[in-house]
Amino acid sequence: MSEVKLTPEQNEAIHSSGKNILVSASAGSGKTFVMAQRIVEKVKQGIEIDRLFISTFTKKAASELRMRLERDLKKARQESSDDEEAHRLTLALQNLSNADIGTMDSFTQKLTKANFNRVNIDPNFRILADQTESDLIRQEVFEQLVESYLSADESLNISKDKFEKLIKNFSKDRNILGFQKVVYTIYRFASATENPISWLENQFLKGFETYKSLTDLSEDFTVNVKENLLTFFELLENSLTNGVIAKKGAGRDKANLILDNKNELLEAISKKDFVTCTALFLSIDTDIRVGSSKDEALSALKKDFSAQKQDLVGSKSKPGELRKFVDKIKHGQLIEKYQNQAFEIASDLQKFIIDFYKTYLERKKNENAFEYSDIAHFAIEILEENPDIRENLREHYDEIMIDEYQDTSHTQERMLELLSNGHNLFMVGDIKQSIYGFRLADPGLFLEKYKSYDQAENPNQLIRLKENFRSRGEVLNFTNDIFKHLMDEKLGEMTYGKEEALVQGNISDYPVEAEKDFYPELLLYKENTSEEEIEDSEVKISDGEIKGAAQEIKKLIEYGVEPKDIAILVRSKSNNNKIEDILLSYDIPVVLDEGRVDFLKSMEVLIMLDVLRAIDNPLYDLSLVAMLRSPLFGFNEDELTRISVQGSRDLRFWDKILLSLKKEGKNPELINLSLEQKLKAFNQKFTEWRKLVNKIPIHRLLWKIYTETYYFDYVGALKNGEMRQANLQALSVRAESYESSGYKGLFKFVRLINKFMEQNNDLASVNIKLPQNAVRVMTFHKSKGLEFDYVFLMNLQSRFNDRDLKEDVILSREHGLGMKYIADLKAEPDVITDFPYALVKMETFPYMVNKDLKQRAALSEEMRVLYVAFTRAKKKLYLVGKIKDTDKKAGLELYDAATLEGKILSDKFRNSSRGFQHWILALQNATKLPMKLNVYTKDELETEKLEFTSQPDFKKLVEESEKFDNIMSFSDEIKEAQKIMNYQYPHQAATELSSIQTPSQVKKRSYEKQLQVGEVQPVSEFVRVKNLDFSDFGPKKITAAEMGSATHSFMQYADFSQADLFSFQATLDEMGFDEKIKNQIDITKILTLFDTEFGQFLSENVDKTVKEAPFSMLRTDEFAKEQYIVRGICDGFVKLADKIILFDYKTDRFTNVSAISEIKERYKDQMNLYSEALQKAYHVNQIDKYLILLGGPRKVFVEKIDD
């Protein structure tokens, strides 16, 4: 292997020491490589690896760094000729598993557990990692605290009347959800500070103390209006001289009058004399009309004048920037009158928040369960209050190394300060990739060091890694051209200059000269009026955008590009369902990294929630009927109507079922034998489930329902079956988490879920296996750190999310609370109304200041998000957006006015929430970017669409959980049905046959038919048959079904090409299993598979392996003589040139190898079914079938099944 040639900057980053070092590592510059090599060099110099503190942003990054270090340390040891150095490297390898390599959260947990007595907590605390549990506890604390304050408890520091005013300021119509949202927002923000109580007590009201009037606002409040005024005056002066404004007439007089007041207006702004400023502006007439001209050049100037005047001044109905400023002044003058009342509300809010924070923390101490932020605060307290511990750690660690430093929070920064000796920090990151502001990371921490370390007098060191070893020059040049004109100190928080620009470092891989075929491509879908309107404020994506991208992807695949080398990046996962469906219709394999959206609204979960609601309360008609109509019981509308007419319309449906069973209803003759048997079977199961509610945990009950009704198998056989099954598993996990938190009872669980749905909340997505060769769809944020040959950025026209700028509170670290205040203007002399009150919600001065700060920070972060997205592409970048064909200003004409101010795009276009497409098109017009632009329509899509066989749509196989508001009504047609009720259908067997069956159902049906014809079924002496008594299950016991499902999921995730302990453990950690399940998955045992010849074969043929392979096949039932579809999923197969190697995992437990023959016999029919499906699908005659037995003693057994 050839020696890697280091750049001078990389070499410096690896070997420099004795000072704090900040490595600004641009995208693709090899920062992980540099960090690993620096650690290896430290070990060579004699520093033990456990004396290095190495903090990573995620657990995955820590695991990957460990694996990389293991490889690099081994390589260094092999190449070392120094025995002492080799010994040091060997020692480092031995201690690698114990080295402090991990997230800051993992370190603070370890520190807190080791010093629990210093903060008076139990060392056996657990982490509230499950959002459901922390939400439950927080909600209970909040509700109890609100109840206390409303009870007029005199011991509290807010009176009942004042507390009611506080709630009303943030909530509507006696609903406290608005107030609750405010409290949770402040709590989350405070928790990200290094000392929440201190911040709440000392900084929370700082804005109200600082900004009491308009004149207290900083220069930022007036800087834009000064610039706009100067621009307006210059426009008028130029227009008076170039003939745009006529030499005589009213227009010229108005312009001269405005210019006569020029100096007075500017002076009033400078002095913050807002009364004079407003009066002057309102006194002058800005309605200057210039008409048109036959002269083409003059006409263009007149048109430009009108456009600029509209932007700068506007009209009363459509104000421009100057009129908006005057409105802000008038608003400010009004809020000054209510400043004291607003401050009183803010003070009471501060008291309540502090009380809530302390009460919630005390509750968590009682539960001995904490959030990550709590543990971080405990760790800070330990180090601050205990110099002995702090100094011991400072002496222990030779160096403090931090990866992804740009995403550091103030809490983490405080930890680093306490651990460092002042000159041993090694920080690696890229300010241009700081995109986690929503997690309260502060890029300002990196930026302050970036600027100060660059000063000659600063003893610390800044090292820039600029070379990009990932991407072609076309991608890098385009990225540089965008950001050098987009970012500056004012907006972007830094200048994107020569030192920040990306430099191509992989000259040997890619040519230096640009090739037009690899220019980034902007694909704009021109949507016509017959299609859905573009939603300016939403991130909705149109079919046309996705189809345009799909056709380009299809071409790439035809040219030989592997699907796994293509990624689609989206703003949010809300469009995932639509993207997946359309790509599949083009026969493009696709995987959604973050799953399909709306877990709680997925068909299978909705059905199970209705089942739980019905079990909890069978008198709830909607859920009961929905359950009956679902695939679990399969009652059709005719049958439900027959039941419905057994009683009056106001009688509960459950009572009608009981009447039907007893044949005591109004129309008992309608309950035929078939329906009666169906009702009895339902009632038996349903009654049993209801009896078990108080005997077994909810998650056990769910699994009993899944298995008894074959519903788990059923949804697994549908389209997206794996995701559906994962959703059902997730519902069970949520139920278990709920109960493990100390909460009991189905009623409360159903209430919790209902509350989530009422608030349009969702539960966390579920982890499923990722196909190895498929186009990946993920959010921009999720893509950080990854790379793909071809990258498609979708939905670029969507607006930036500016909802945070409209919330009732906006917070900042410096100024604390900014809030809106609801004032009753009835007392104002200018307000005339017949209503008893005139409530107006207005922005306080601290709110205005925080809003301005947040808006600039948000736009700066959006720029960085775009930078991250661009730099994922290795070879080519595709940008996909949409324009209208009706409104000219929404099309490309709007960008004719885009210009540069110096080297930067004008603020008119930069300082906008209209989205990435708005920036790119503006820059395209202003600078002519090195990219290709293609506009296409729906008609062009249809004519150019590649003809491929679409996958069948199986969605109709299962209907949504329906709500039958009218099912209870009587139908006259039912009486006609009586005439045919006794008709005997000649193909009764076919009516009992499901049109779609899973392999398990086929196997069960075959077994039942064999019993009917009189065959005796032998029971193996090695297989003990018993009836499971669910009432005996303890809350912590794991069922075989759950373990089997978890083990199968792990085998689907595991990368067989990296079959080692580190890799498999990392995979297991990522899958999010419950700890009890995770601890029972024996990775060491699973790895014995790869000691076998078959395991080695799998490792060597990963590229030919298809895991989790779905199939469907038409078969004929020998008894019903009818055809039916078998759909299922086999665990995997390897497709070779002349044959297919089929394999399936089995987790059946056995202790004696003599039981293997019985297991093989048990699954022979199932494997033959899979084999038959593969033969028909691939037209291959030879299918070798193997069972991988994971449940045996000590190791994995591989057994071939003979025909």
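Using N, Cα and C of the backbone, Cβ positions are placed for all residues, glycine too.
Record features, source Swiss-Prot:
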DOMAIN    4-472  domain 'UvrD-like helicase ATP-binding'
BINDING   Ala25, Ser26, Ala27, Gly28, Ser29, Gly30, Lys31, Thr32  ATP binding site
DOMAIN    503-785  domain 'UvrD-like helicase C-terminal'
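Mapped onto this structure are the features recorded in Swiss-Prot.
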residue : record           : CB count, 10 Å
Ala25   : ATP binding site : 28
Ser26   : ATP binding site : 26
Ala27   : ATP binding site : 23
Gly28   : ATP binding site : 22
Ser29   : ATP binding site : 26
Gly30   : ATP binding site : 22
Lys31   : ATP binding site : 21
Thr32   : ATP binding site : 17
Collapsed DSSP category at Thr32 (ATP binding site): helix
For the ATP site built from Ala25, Ser26, Ala27, Gly28, Ser29, Gly30, Lys31, Thr32, further residues of that chain with CB within 8 A of the site's CB center: Val34, Asp430, Leu465, Asn468, Phe469
Where Ala25 (ATP binding site) falls in three-state DSSP terms: strand
